[in-house]
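Have a look at the structure below before the remarks.
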Amino acid sequence: MTALLEMRNITKTFPGVKALDDVSISVREGEIHAICGENGAGKSTLMKVLSGVYPIGSYEGEIVYDGDTAEFRGIRDSEDRGIIIIHQELALVPLLSIAENIYLGNERASSGVIDWHETFQQTEGLLAKVGLREAPGTKVDSLGVGKQQLVEIAKALSKNVRLLILDEPTAALSESDSQALLDLLLELKGQGVTSIIISHKLNEVRRVADSVTVIRDGATISTLDARGGELTEDRIVRDMVGRDMAHRYPEREARAGEVIFELSDWNAWHPEHADRQVIEDVSMTVRAGEVVGIAGLMGSGRTELAMSIFGKSYGRNVSGEVRMHGKPVDVSTVDRAINAGLAYVTEDRKTLGLILEDTIRRNTVLANLDGVSARGVLDEKRETEVAETYRKALRIRTPSVFQKVMNLSGGNQQKVVLSKWLFTEPELLILDEPTRGIDVGAKYEIYSIINELSAAGKAVIMISSEMPELLGMCDRIYVMNEGRFVGELAAAEASQESIMSLIVRDKGE
Amino acid sequence: MEQAERAGGIGIGAYIARHIREYGLLFALIAIMLFFQIVTGGVLLRPVNITNLFLQNSYIIIMALGMLLVIVGGNIDLSVGSVMGFIGALAAVMIVNWDLPVGVAMIGCLITGMAIGAVQGYFVAYWKIPSFIVTLAGMLVFRGLSLWLLAGQSIGPFPQSFQSLSTGFIPDLFGIGRPNGLALAVGVAAAVLLVWFGLRARAQNARYGIEDEPWGLFVFRNAIVAAALLFVTWKLAWFRGLPNVLLSMVVLTVIYVFVTERTTIGRRVYAVGGNAKAAKLSGIRTERLTFLTFVNMGLLAALAGLIFAARLNTATPKAGFAVELDVIAAVFIGGASMAGGSGKIVGAVVGAFIMGVMNNGMSILGIGIDYQQVIKGMVLLAAVFFDVYNKNKEA
């Protein structure tokens, strides 16, 4: 078999970051090629280069597709050549029918008038191909995620797909839906469709893939032959993790004191799909001066867990008990959770953490206005003093606290969010992806702040997708998968391999 | 750090350029007043007309105070014109038809206004129905209810005690009569207070190294505002003194400036409008605040309804028709953002005066209602365009 696609020495730089560094990948005609790597390794960026989202000229390197050099200026160009990408978040219009979705932007029409007969007839043919038994007129929002995924594939087939790219196609699917989807991929392979599949589920990769390319830190690590069943999951995991992590984290001493925070039998259901349990029987403890990590893949329920604890800001039918210093506390609304001594630094600081149009000063005092007011009247002098104190303590780089936070860098914005929560004088800080999207130097500073807090006797929970970060910072790590804690590792026994294998083993069951 | 050092020595021109919106509004009001003063041959600023300006626009200004909070909170209230008309009708029925004491009827009307606001706020805040839809429904409902209440007729006249709410004047405590000693004293006191508060804020800003307007500009701006205050009170003193309505307007404006800028509840409303999710995750009860902004709006709409009815000395089915548009326009001309989270009480009041002076000036000139609407519409668009244009330039 010859190569349908070769991406040679692809390098893609964003301001300050090299997202892809000399990546090469070769996909043979008619195979299923898996791309594996941790969150942030560069998989999605690579696919965006391939599909023309990042047009020719915005990256270095060469793409050879079907024998000649491809120069895609946009998604249209790559789709014209039969490269179709299906994203993790499905791109369907919920209130339109299956048929309308499949031919959206590509209508069966003459001079603008849609030929509904042809549309429905061809849709029926496509649905038969993907094994979806639904009427073409069914509205997409009445379908489950699994069936919606099939509609996406039918849509790809309608565009005469030659190379189908699926980004985490089974992440949101149930076991049986996943199996059906994988079977469909194998069937399409039989019909000559080449696929690239991005997946964390290594058992699925082993089941369908002919070859596997592992990407780490924006570079190709290895290309493995997966035919013949000799490739093990451990081998893939080893290539996915393993990186130098010396001196990226400040020294810390473990000084765990008494138990501050206890969570028991915590459960929560999805806010819209009442039958989907997102958090299942989670229990944990955090001691004073301890930094406890929660590791897990995207979608494992880490943020949902934190939000459901913090004032039941996520989920329905949230149940379970929270104890502080051994006494049960009420965390049913955000202000009660704050009063109980909890603070939650959100994952997405721009949409959930800050009021971007407001100044540093106003953001700093927002969660504790009572601390700068008397009988409801604000003391602006005190407000300014508080903001100044935290600006100095957390080394926020800004000429004054009257700057709008939208003008700050990501690292400084994160420090403002931290200031806001420190001013509520919490005993437990939940940090959700505290270093996402900020540069290496600022990361180190955030780590130092975390260490100072724990040295001062605060309990810290750290949620992160970057495993080295958890390993470098935490005294103890809970491993989370599909809404449950599947393991607990002390710092000494934790490694990327041990965490990954806990997750992978759980997925395999 | 570099920027902080430069801030001290910033030039007047550069400072105005950076705060073009605030100064632009003030200068626009002055320019519009001068323009109409000239083209009306001096009629605009005659004592009797200045008095009329306040009487005619009081209800718009009072509602603009509430509308600013609603809009800052990220919502809108289209029902205020209808609610105002409905409350006027209710007052007429209670006072004229049922012979209830004026005080009782007024309190009943204000409570009804709050209840109306509470119902609309309930659907907006707790059921997350867009305020546009809830209050559009309210606009239709209360327009219909006032027609029903008045049975299509006008009801009046009101007793003198009720009329004085709007058309009364504060008696001259100094007993001079003409010029009115109280009006002059109040004018001087207001000007002094304004300058004193300005100086105090400046001193405080200087202590924290906050960038402030250059000294020359501060003097110039305060001189203009103080002169305008003295001028207006001087003119009022030569007619019948201070109208009751002016007093309620000023008191309310001061209260709302204080609430929006100096209290935790005011700060929280801005936070909800600025980023509702972040506010909620900071422990702010966003639903309750949204609810309260509508209750407050209902209260002020009711007060406006009473004042309007008292001025016309009759309740008519047409009262308050399309007034919501003037109120909303005043708030946006005053610099509030449709997206919520920003806008100032003073801006809304100045915006209302801009609308009021244009209404008044164009009426004196005998410009038809058709052209008046066109011109007002274009002024609104120009003001908001100016905002957006400046923001884009900044970015």
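Even glycines carry a Cβ here, placed using N, Cα and C.
Remember, it's a predicted structure, so these values are computed and weren't measured experimentally.
Here TrEMBL flags B:23-44, B:50-71, B:78-98, B:104-125, B:132-151, B:181-199, B:219-236, B:242-259, B:289-309, B:346-367 as transmembrane segment.
Counting only same-chain residues 6+ beyond the ends of the transmembrane segment (B:23-44), those with a CB under 8 A from a CB of the stretch are 16, 221, 224-225, 228, 333-335, 347, 350-351, 353-354, 357-358, 360-361, 364-365, 383, 386.
By number of Cβ pairs under 8 Å, the transmembrane segment (B:289-309) is matched best by B:104-125 from the list B:50-71, B:78-98, B:104-125, B:181-199, B:219-236. Sequence-distant contacts of the transmembrane segment (B:346-367) (same chain, six or more residues past either end, CB-CB distance under 8 Å): 22, 25-26, 28-29, 32-33, 35-36, 39-40, 43-44, 49, 52-53, 56-57, 60-61, 64-65, 67-68, 253, 257, 326-327, 329-336, 375-376, 379, 383. Sequence-distant contacts of the transmembrane segment (B:104-125), counting only residues of its own chain at least 6 positions beyond either end whose CB sits under 8 Å from a CB of the stretch, comprise 75, 77, 79, 83, 86-87, 90-91, 94-95, 131, 134-135, 138, 142, 162, 165, 287-303, 305-306. Per-stretch counts of Cβ pairs under 8 Å to the transmembrane segment (B:78-98) identify B:132-151 as the leading one among B:50-71, B:132-151, B:181-199, B:219-236, B:242-259. Counting only same-chain residues 6+ beyond the ends of the transmembrane segment (B:50-71), those with a CB under 8 A from a CB of the stretch are 77, 80, 84, 131, 166-167, 232, 235-236, 239-240, 243, 245-246, 248-249, 252-253, 256, 260, 269, 273, 293-294, 296-297, 299-301, 303-305, 307-308, 311, 323, 326-328, 330-332, 334, 336, 338, 340, 343-345, 347-349, 351-353, 355-357, 359-360. Sequence-distant contacts of the transmembrane segment (B:242-259), counting only residues of its own chain at least 6 positions beyond either end whose CB sits under 8 Å from a CB of the stretch, comprise 51, 54-55, 58, 61-62, 65, 68-69, 164-170, 180, 182-183, 186, 233, 236, 265-266, 300, 303, 307, 345-346, 349. Through the fold, the transmembrane segment (B:132-151) approaches residues 76-79, 81-83, 85-86, 88-90, 92-93, 116, 120, 123-124, 315-317, 319-321, 324 of its own chain, all at least 6 residues removed from its boundaries and within a Cβ separation under 8 Å.
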